[in-house]
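Undergrad: After the structure tokens below, expect a handful of questions from me.
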Amino acid sequence: MLNDDEGKSILSISFNNTDLDAYVVEFKIATLKDCEVWGKYGINGVPDDKNHDVYIKTRGSGRMSKITPKDLIVNFQSSLLKITVKNVNYPQNTTTDPLTFILRCEGNELVFKSTFFGSFSAQAFFIGPTPIQFDEIFLNFDDRLAESPHVLATFFSVIVLSVLAVIPLRRADKRDKIYWTYLPLIDNPDEGHSIFLSVQTSTSSPRTMSANVYIELVGTTGRTGPRILSDGVRQNFCRGTSSHFVLVTSASIGKLKKLIIWHDNGGKNPRWCLSKVVVLEEETKEKYMFLCQEWLCLDCDDGQTWRRLHPTITEIMDDNIVFRESSRKRFYDDFLWISLIHRPNYSVFTRVQRLWTLIGMLFLAMLTSAMWYDTSQNESSTAFGNLKIGPFTFSYRQIYVGVVSSFISLLPSLIVISIFKYRRLRGDANSTEDIWTWLKEYYIPAIWPKFNTANKPLSAYQQRFLSDQLSYRLGHTRMRQARVHGNCTVDPVMAEEVKICKHDYTLAQESNINYCPGWKPFNVSCFEYEDNNQANEEIDASFLYFNSTSTKSLYHFGKFAIYDGGGYTIYLGPKQSIVMDYVEQLRALGWIDLNTRVLFIDTNSFNPSTRLFSHTQTVFEMSAFGDVIRKSETYSMNLYPYVTISDFIILALQLLFCVILCIKIVRLFREGYLYRFGCLRRFVFYCDVFDILLGLAALVSFILRILCSIEAIEDIRNDMSKY
């Protein structure tokens with residue numbers, strides 16, 4: 001086969017076989033674009049678009065748009081074009097005339113194969129991909145969907161199953177976070193020297209362990225004494241988990257020489273296989289590893305429920321132990337599919353992130369495989385033969401496409417995995433500064449304006465309005481924060497990455513004690529000043545805790561947590577200069593710091609033109625990892641229910657509602673009197689009862705709303721200066 005300058009593939013053949021009256025010419029076309037085939041008998045030149053005896057035009061992998069002559073027997077399926085050519089000289093028992101074929105496609109290789117002389121092809125070791133014509137796919141989407149509906153069904157099935165799988169995986173992530181947290185032992189003293197313990201249970205251990213576990217650390221200068229390994233929160237020592245504790249001693253015990261660990265063999269499942277114990281000294285940062293890999297149970301091995309372990313020196317550790325520990329970690333951490341089910345090792349790469357990474361890799365592999373879908377297998381690929389492994393047979397093309405598509409999808413997959421797995425936890429050193437900047441540059445000038453849009457000073461009366469000069473500011477603005485207390489413990493594995501560890505917000509971790517200014521430990525003397533001019537009661541009071549009853553605030557459902565109504569509050573107003581001074585003092589004292597988890601800023605206003613009262617709340621949520629989310633919402637209501645004509649129409653409808661409700665109640669009692677207990681057997685009776693109960697609930701709610709509105713209006717009228 002030769003190629004001319006126009007990109008045509010030319011093949012001239014003749015057959016001397018006189019035993020058959022026809023023969024078949026096969027073309028395997030490795031393209032989905034248009035191809036043209038011309039054929040001509042004789043030796044008088046090559047065929048072209050004007051001079052030919054045979055003409056076929058193909059498109060895609062199985063469609064033909066034109067055939068000449070009409071009675072030509074031709075078949076085109078799966079990129080394989082078969083042309084049946086009759087031997088016109090068969091009756092004379094002579095050879096047929098030479099037949100020349102011209103094959104031209106748009107830039108792709110093709111293979112010619114006849115049933116007489118074998119195959120002819122351009123020798124190509126590499127199999128090129130076929131461009132995916134997305135415009136053609138969506139142009140004929142209905143036809144393609146009818147031809148292969150299973151593709152779309154598979155796609156949506158994977159997406160739906162993945163979304164459903166997120167729910168249990170998210171719960172598992174939260175459970176992992178609890179297990180990986182270093183919690184104090186229940187018998188710890190209030191203060192002392194902290195030692196971090198990581199007790200790893202083998203995957204060979206039973207699913208749960210019911211016995212109480214005890215430990216004693218022996219050092220060069222002392223010992224801890226028997227201590228129970230229980231935090232009072234988690235179910236520890238489950239199969240394949242790492243249980244983390246903080247053990248506090250009254251004094252340092254020096255360098256560790258050994259530890260003794262045992263259990264009381266209590267409960268239904270006392271059998272326990274201990275993998276290892278890792279100990280980290282808080283002050284010296286020295287790390288000790290105590291390998292065990294033995295059972296602690298009466299019916300296992302030597303029948304002992306205790307072990308005496310000595311620190312393992314990493315440099316002389318047995319190679320088998322190193323291999324086993326490394327293999328265990330890599331098996332559960334590096335194999336993404338396995339780590340969805342079980343993830344005993346600490347990692348910032350969550351299960352949900354791993355799931356969507358896997359789904360992305362799956363679709364990427366499907367996309368790369370589609371690039372070689374329906375491409376022809378050229379003769380060079382068949383020359384290598386097939387590889388047989390048991391009942392399976394693999395062709396060169398299958399191996400080639402698998403390897404190349406894997407390499408194409410490998411790099412994006414590694415990038416995505418690295419982003420999640422090796423990302424650093426962000427601190428919030430700048431987030432608090434951004435909040436102060438936002439307050440000074442945007443919020444305060446909007447709530448307490450001094451200049452109009454033309455940059456001209458506002459009068460004292462105009463400064464009582466917001467910057468829109470439409471809404472009247474009611475009372476002071478309140479800032480309230482909820483915070484956590486203390487520092488969390490850092491997993492030794494992440495000690496180099498995470499320098500500061502703060503708790504997430506929970507009701508148990510919420511700080512509800514009083515402080516001196518600057519979040520210093522509370523002391524009555526910090527609020528006593530020799531010079532009264534130094535006293536600032538508003539600033540000092542902002543470091544005192546007020547519960548939800550005092551703040552009159554409800555729970556807030558945020559992005560990171562559900563926040564209690566209590567907290568540390570300060571009231572800002574009545575003019576901009578005072579507010580700016582307060583904000584600068586709070587900023588200097590670090591009122592918003594790394595322990596702040598949420599900041600609420602509440603302002604009330606009244607629009608005389610619409611007679612609407614509005615409450616604007618801006619919420620800053622700050623996670624332990626430094627994420628800051630700002631959300632602002634405005635709630636408006638009409639506390640004066642009957643002012644305009646339309647309001648009195650609503651009043652008339654409300655009175656009608658009360659009349660109808662009274663009629664329904666009378667009818668219900670009448671039916672009860674007439675039918676006695678027989679009405680209890682009627683379904684309509686229960687529907688009427690439910691309808692009346694809903695009406696009464698609506699009526700009671702409306703009355704309570706009116707009473708609360710009257711109380712709120714009276715509070716605003718009596719004291720316009722408070723929040």
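Cβ coordinates come from backbone N, Cα and C, glycine included.
According to TrEMBL, the protein has these features:
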- 193-310: domain 'PLAT' (DOMAIN)
- 150-169: transmembrane segment (TRANSMEM)
- 355-373: transmembrane segment (TRANSMEM)
- 399-420: transmembrane segment (TRANSMEM)
- 639-663: transmembrane segment (TRANSMEM)
- 683-707: transmembrane segment (TRANSMEM)
Undergrad: Using a Cβ distance cut-off of under 8 Å, indicate which of 150-169, 399-420, 639-663, 683-707 has the most pairs with the transmembrane segment (355-373).
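TA: Ranked by Cβ pairs under 8 Å, first place goes to 399-420.
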Undergrad: Near the transmembrane segment (639-663), which same-chain residues lie under 8 Å Cβ to Cβ, leaving out any that are not at least 6 residues past its ends?
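TA: Sequence-remote neighbours of the transmembrane segment (639-663) are 611, 613, 692, 695-696, 699, 702, 706, 709, 712-713.
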Undergrad: Under DSSP, the domain 'PLAT' (193-310) has how many residues in helix, strand and coil?
TA: 0 helix, 59 strand, 59 coil
